[in-house]
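*Asks:* Dumping the structure here so I can ask a few things about it.
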Amino acid sequence: MSKEEINDAYPSHGGESQTSSSHPTSSHMASIDHGMEKVAMPVEQMSNLDESGLKRDLHLRHMVMIAISGTIGTGLFLTSGKTVATSGPLGALFAYVVIGTWLVFVCQAIGEIATLLPLPGAFTAWGGRVFDEAFSFQMTWVYFIHWALTIPAELSASSLIVSFWLGPDSTFPTWVVPVVIIVALVLINLLGVKVYGEIEYWFSILKVVTIVVFIICGILVDSGAVGGHTYGVENWHIAGAPFKGGLRAFLSVLVSVGFAYGGTELSGVTAAESRNPHKHVPKAVNTVLVRIAIFYILSIFLLGCIVPNDDPRLLNPDGTVVNAPFTIVFLQAGLKGGASYMNAVILTSIISAANSEFYVTTRMLMSLSRNGWAPSFVGKTNSRGVPVVAVMITTAFSCIALVMIYAGASTVFDWLVSIIGSLVFLIWVSILFLHFRFRMCWKAQGHTPDQLPYQSWGYPYGHYLATVIGVCCVIASFYLSIDNKPDPMAFGPLGSAEPAYKAARNRWAQGLLGAWFPWLLATVLYVSYKVIKGTKIVDPAEADLDTGRWVPPPVDPNHQHKPVPTWKRVLSKFM
């Protein structure tokens, strides 16, 4: 047994939990002490093999790196340039700050509940516990659809990325690339969650190194240390900067920023397969603030300083790595191999992101099956804890990418970004709502926040702020989708036959579908299930907050705890 496995299985202080296959799964009465009065409650002591058949094989380093991997991908590497070009350097920076603030409190909400209830399906399973079974039904299906669409979006981008090395005259069929990736994803996921976590760990390290190198390079270029020109903030004072296009332009980029941030909530889904949820989930969600500040906000700030918002390369209509915003900065630094390096990193990022998406899609299918919302055979697991049928279904959805390549990968990718970004907004708003309901149920049953194994910091005011941001973003997307309809007469004498009008009309239709489809889908799912099944809203005093708890063993009263300095306790809240 490795040192890490020993630390995971036998934590050295209270509130961290022991996992071992020698402890069978059972339901019994236990006395839990989280620093306040002891509360007797029915609990479920989970072992390395969860009752659902999942293996608890994810270590702390896997959990943290999976959380990092979920936030760094094509959204940052390829689409951040369009954000700067549309709303200017300050508008783009402000968009990432606003959505990032919302996301921080969403992850805190996830951390609080997932630490207490590390259920398969995570927050999609909480709705039936604290609000309404119909809400859980619609949220699980919505989250499954979200990831089922995201996989082909990522894979279609791979055909664009590989074309960089092929050249314009190549006859190589680009559809071969996503096929190879799909085969690799199937093999990785069939080998079990431990292999998945290990691969994600190394992919994430590569992406983190790339971001760090970019930031160092950006600072050197901006300061004039390399490249021969000192930029400073001069590009914040050119025409259109720093807040290009006004409020409308700022609002229009929020959905694409949401797409770039999407996936951060994966730390809640992986909780069901963590060796020690009480220890791992909080550490994973507490890194979100630092990741947002360093990987996103600092990167966008440097990008806006170095590349003018009117640089046509930022729009990158073909989605090529040559015009990717990070590549432009490397070229400004005189690094001629920057494009090839970024191409390789983006390709591995696509594989990494698709791997995470493939994993979570299979877990959503399994959750649907276990709740009776999909055929029972879909959720069956093999000896490795892998839901094989769910893997096969997810593979079928992945093959949609092959159709997208023939339909025009870049165009379809933009449509999917619009839909997926709005789905992310819906999911985050739902998570915050469920967290408020959870706290209401927790209080109604006589518990105090101090009895929670992990308390989300900033509650309730930070969560109020996040809710306001979320609601405003959704309203803004609704408004823009209706108000943006183009007038054919404004595009010249040919009117609707003008290519510019057709492009504007497609963008309007794209925004209309993206803004409304997720909410109409969720409403139809919720109302139809509620009417058919006759579900009722859960009484907070009767909500099931016990079944599925991950309960630590009793703490040895003779164990001597080393005092932790105040600065370390404060820092642990954020890192």
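Placement of Cβ uses the backbone N, Cα and C atoms for every residue, glycine included.
According to TrEMBL, the region 'Disordered' annotation covers 1-30. The compositional bias 'Low complexity' annotation in TrEMBL covers 17-30. Residues or ranges marked as domain 'Amino acid permease/ SLC12A' by TrEMBL: 62-482. According to TrEMBL, the transmembrane segment annotation covers 63-81, 93-119, 140-166, 172-193, 205-226, 246-267, 288-309, 341-360, 386-409, 415-436, 461-482, 508-527.
Can you tell me where each of these features sits in the structure?
*Replies:* A Cβ distance under 8 Å defines the sequence-distant neighbours of the transmembrane segment (205-226), meaning residues of its chain 6+ beyond its ends; these are 65, 68-69, 72-73, 232, 294-295, 298-299, 302-303, 305-306, 326, 329-330, 332-335, 341-342, 345, 348-349, 352.
The list of residues near the transmembrane segment (461-482) in space but at least 6 beyond its ends in sequence, with Cβ under 8 angstroms from a Cβ of it, reads 98-99, 101-102, 104-106, 108-109, 248, 251-252, 254-255, 258, 422, 425-426, 428-429, 432-433, 435-436, 508, 511-512, 514-516, 519.
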*Asks:* Within the same chain, where does the transmembrane segment (341-360) have neighbours whose Cβ lies under 8 angstroms from its own Cβ atoms, ignoring anything closer than 6 residues to its ends? I mean 6 or more beyond.
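*Replies:* Here the qualifying positions are 66, 69-70, 72-74, 77-78, 147, 150-151, 154-155, 157-158, 161-162, 164-165, 181, 184-185, 188-189, 193, 196, 199-200, 203-204, 206-207, 210, 263, 266, 269, 321, 324, 326-327, 330, 335, 391, 394, 398.
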*Asks:* Between the transmembrane segment (140-166) and the stretches 288-309, 415-436, 508-527, work out which stretch tops the count of Cβ pairs under 8 Å.
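*Replies:* By the under-8 Å Cβ criterion, the transmembrane segment (140-166) pairs most with 415-436.
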